[in-house]
């Protein structure tokens with residue numbers, strides 16, 4: 001009768017331990033996602049008591065920019081690609097949605113579908129150009145493309161020029177048994193919450209597939225991936241297009257909330273804010289950008305009531321986070337939750 005050697009037993013135990021830690025880490029992030037949903041619902045009830053539409057709209061904006069930041073984290077946190085021009089796709093989604101709603105048909109689903117089509121085409125073209133470079137050169141190429149497109153949009157009078165698109169109508173969104181309007185604070189907030197969290201769980205599922213493991217391998221060691229029989233260039237192109245679609249889908253919701261679109265949505269400060277949001281929440285966590293967006297949006301709103309120089313505070317917060325919390329909020333809390341979950345699992 002054959003017996004397993006001590007070395008094989010050790011390797012098997014080590015493999016089991018690694019898998020257990022990975023499972024615990026995923027569960028911890030799911031707990032943070034469920035906590036986010038719970039806090040959002042508590043907020044919805046609390047804001048409803050005061051009947052204050054302002055807070056609903058502010059929270060909806062935080063969700064929209066949180067979805068945008070998730071797309072940046074997909075590139076930066078999981079693939080190792082820093083995009084300094086990702087606002088290009090957020091802006092394209094917003095402009096496409098705004099034009100469809102104002103000029104063609106005030107249809108929620110048509111606006112989202114058109115935004116995804118435009119983002120897929122633009123993401124493919126931009127990705128083919130950008131993925132040829134690595135590191136800082138990739139970041140600079142994405143920055144340059146966003147600057148070129150934003151200046152073209154800014155100077156094109158047919159789509160509003162520097163004024164952007166104004167007068168986007170309030171739309172009614174029909175479901176099977178009910179209908180909501182984008183000017184209904186609570187209803188639209190809950191709809192955006194459902195869409196953004198749906199995106200989160202979809203991306204989380206993608207990251208657990210062989211494709212997800214491949215892009216993580218690219219971040220770990222890009223040069224060794226081809227030796228495993230995979231094309232790192234093709235994988236980077238696919239994840240770039242996916243991130244462009246997530247950004248555009250988030251952007252498509254913006255004109256429904258605000259009723260206008262500005263070319264500033266494509267400017268560098270929009271891309272920079274997304275990167276700051278990811279760092280605040282936690283790079284490589286996917287749920288962290290949503291927490292970071294709530295923090296950043298709320299902070300800007302509070303500081304904006306006292307001074308116009310809120311960027312000074314945001315910059316200081318960013319530096320303090322990098323120095324004292326390099327893993328961001330979720331990066332700081334996740335190891336502690338992991339330890340608690342592991343202790344629960346080993347208890348008799």
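Using N, Cα and C of the backbone, Cβ positions are placed for all residues, glycine too.
So that you can see what the record holds, here are the features copied from TrEMBL:
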type	residues	note
TRANSMEM	31-50	transmembrane segment
TRANSMEM	62-95	transmembrane segment
TRANSMEM	107-130	transmembrane segment
TRANSMEM	136-154	transmembrane segment
TRANSMEM	161-180	transmembrane segment
TRANSMEM	186-207	transmembrane segment
TRANSMEM	237-254	transmembrane segment
TRANSMEM	274-299	transmembrane segment
TRANSMEM	311-333	transmembrane segment
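Most Cβ pairs under 8 A with the transmembrane segment (107-130) among the ranges 161-180, 186-207, 237-254 are made by 237-254. Listed as Cβ neighbours of the transmembrane segment (186-207) (distance under 8 Å, sequence separation of 6 or more from its ends, same chain) are residues 26, 29-30, 33, 36-37, 40, 44, 47-48, 56, 59-60, 63-64, 66-67, 70, 74, 78, 173, 180, 215-216, 242, 246, 249-250, 253, 256-257, 286-287, 290. Between the transmembrane segment (62-95) and the listed ranges 136-154, 237-254, 274-299, the one holding the most Cβ pairs under 8 Å is 237-254. The list of residues near the transmembrane segment (237-254) in space but at least 6 beyond its ends in sequence, with Cβ under 8 angstroms from a Cβ of it, reads 64-68, 70-72, 74-75, 78-79, 81, 83, 86-87, 89-94, 96-97, 111-112, 115-116, 118-120, 122-124, 126-128, 130-131, 192, 195-196, 199, 203, 206, 211, 215, 261, 265.
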